[in-house]
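A.B. asks: Straight out of Swiss-Prot:
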type: BINDING; residues: K217, H246, H272; note: Ni(2+) 2 binding site
type: BINDING; residues: H219; note: substrate binding site
type: DOMAIN; residues: 129-566; note: domain 'Urease'
type: MOD_RES; residues: K217; note: N6-carboxylysine
Amino acid sequence: MSKISRQAYAEIFGPTTGDRLRLADTELFIEIEKDFTTYGEEVKFGGGKVIRDGMGQSQRNYKDVMDTVITNAVIVEHWGIVKADIGLKGGKIAGIGKAGNPDIQPDVTMAIGGATEIIAGEGMIVTAGGVDTHIHFICPQQIEEALMSGVTTMIGGGTGPAVGTAATTCTPGPWHIHSMLSAADAFPMNLGFLGKGNVSLPTPLEEQIHAGAIGLKLHEDWGSTPAAIDNCLSVADRLDVQVAIHSDTLNEGGFLEHTLAAFKDRTIHTFHTEGAGGGHAPDIIAAVGQANVLPSSTNPTRPFTVNTLDEHLDMLMVCHHLDPAIAEDVAFAESRIRRETIAAEDILHDIGAISMMSSDSQAMGRVGEVIMRTWQTAHKMKVQRGSLAGDPARNDNFRVKRYIAKYTINPAITHGISHVVGSLEVGKVADIVLWKPAFFGVKPSMILKSGMIAAAQMGDPNASIPTPQPVHYRMMFGAYGGGLKTSMTFVSQSAFDAGIGDMLKLNKPVVAVKNMRHLRKRDMIHNSATPKMEVDSETYEVRADGELLVCEPAKILPLAQRYFLF
């Protein structure tokens, strides 16, 4: 058999087993663990290439071939970092392996035929679409911004630029929930809405779940008291929905211990389990040590930099309807911004104690920067703390798997949607993001929704080829008309059973959430650590299993000015 050099092979078909890639301008390196191809039988599209009639393309009928094949892609997933062809059929992932013509090629697991489209994955990294579970639906323009960053699922609450929405992620009551479910039809994004959980009697909460809310949000601005927490979790247990909480910063209704006691060991998603986002001051971060708590943090403090503290005070005053002329409001804001706990947040992410990353969109967080901030945090921790125990010196595969799980599979598991989204696995919806390695984590090349291209970098539409400037993100056919049906609207099981889609005449597919109430921290993939936490109420020092968590703020970050003109 003829041979070519490893470099030449990578230039033609992309890297293979043992090759390494640098992720953008970070200090993170991945190494291909396995290549599913058969060497010498690779498929590639183009003039003089393999995927031609009677060669790499078979004569098989539509039902026996893929709708789309992404060829020779590097897949970065919580389950592995591999090279493979990805086959899509009916909007779902139908295969990860070797594509081609099974009539003449060996080891083919996915047939290419006359009904098959090809997306070139050579030299590209492919990931699952991101899942952002901390959305304040303040304006619809957030959705396009998030999509262009690689996020394909948004979960949260709100009704627009009302003060309640600006501060809390709640869509309160059946009328607002139905209105937002109807509005969701217009967007190329999977959407799910959280109702208001701050009620001490069950009926107002049950009404919201039956109306279609996929969960309930407890927020201190509505009063996260032990009574409201207990009632909310009781309703959630009965109706199989998730509860998210932003706890009591001022410790008015109780301290952290009282809130944890109100949980009664029941599953809960704790928002802002972090350094400055809100919740019991100063020790909400200690909740990461609880076996029933599924913790997330938001991107305004990700990662800790020399500018983090300075920008937070003004952001906080605006988001929570505070008045800088009122001393008590200023004191409230200042109590939430703590250098020590922000630094600890970096390390808790790195050891897998904080399980998820999210945005807190327009409510201190930036909706288009969840993925970017995740990888900036991973880079900062690599530089400051070295390789993780599971990584050899030559790659950061385990760290990369840990961090990608924070914005893909773990939030999907937490909110009961991992049976359809959150990872690249056979049978799941084909919400897929393609990246050039030099732009990984910051600027995707193409975003697919249920196998249809919904957004991409695209040049001048009047040019003779697709690449002339200005090249920028543009909506593609999957974002228009019937193409919007490639996105889903998530609802509760009770609303699904009642026929909420037909009742509201929704056009997008309606999918029920499920299997959340049994979850434990151990179910958070690569992010299940439950260290014994201590937070000093005077100095704000944070310890995990007795170790003081300290790190310096970053002065320079990757994925930053190098990639943006403005």
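The first residue you see is number 1, and the count goes up from there.
Using N, Cα and C of the backbone, Cβ positions are placed for all residues, glycine too.
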A.B. asks: Say we define neighbours as other CB atoms within 10 Å of the CB. Which of the binding-site residues K217, H219, H272 has the fewest?
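C.D. replies: If we count Cβ atoms within 10 Å for the binding-site residues K217, H219, H272, the smallest count is at H219.
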A.B. asks: In angstrom units, rounded to an integer, how far apart are the Cα atoms of the residue listed as 'substrate binding site' and H246 (Ni(2+) 2 binding site)?
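C.D. replies: Cα of the residue listed as 'substrate binding site' to Cα of H246 (Ni(2+) 2 binding site) measures 5 Å after rounding.
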A.B. asks: My understanding is the cutoff is Cβ-Cβ under 8 Å with a sequence separation of 6 or more in the same chain; which residues meet that for H246 (Ni(2+) 2 binding site)?
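C.D. replies: Same-chain residues close to H246 (Ni(2+) 2 binding site) (Cβ under 8 Å, separated by 6 or more) are T168, T169, K217, L218, H219, E220, D221, S224, F271, H272, G277, G278, G279.
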A.B. asks: Where does K217 (Ni(2+) 2 binding site) sit in DSSP terms: helix, strand, or coil?
C.D. replies: strand
A.B. asks: Summarise the model's confidence over the domain 'Urease' (129-566) as a mean pLDDT value.
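C.D. replies: Averaged over the domain 'Urease' (129-566), the predicted model reaches a pLDDT of 96.
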A.B. asks: Given the Ni(2+) 2 site residues K217, H246, H272, which other residues of that chain have a Cβ within 8 Å of the mean position of their Cβ atoms, reported in sequence order?
C.D. replies: H134, T168, T169, L218, H219, E220, A244, I245, S247, T270, F271, G278, G279
A.B. asks: Which of the three DSSP states, helix, strand or coil, fits H272 (Ni(2+) 2 binding site)?
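C.D. replies: SS state of H272 (Ni(2+) 2 binding site) = coil.
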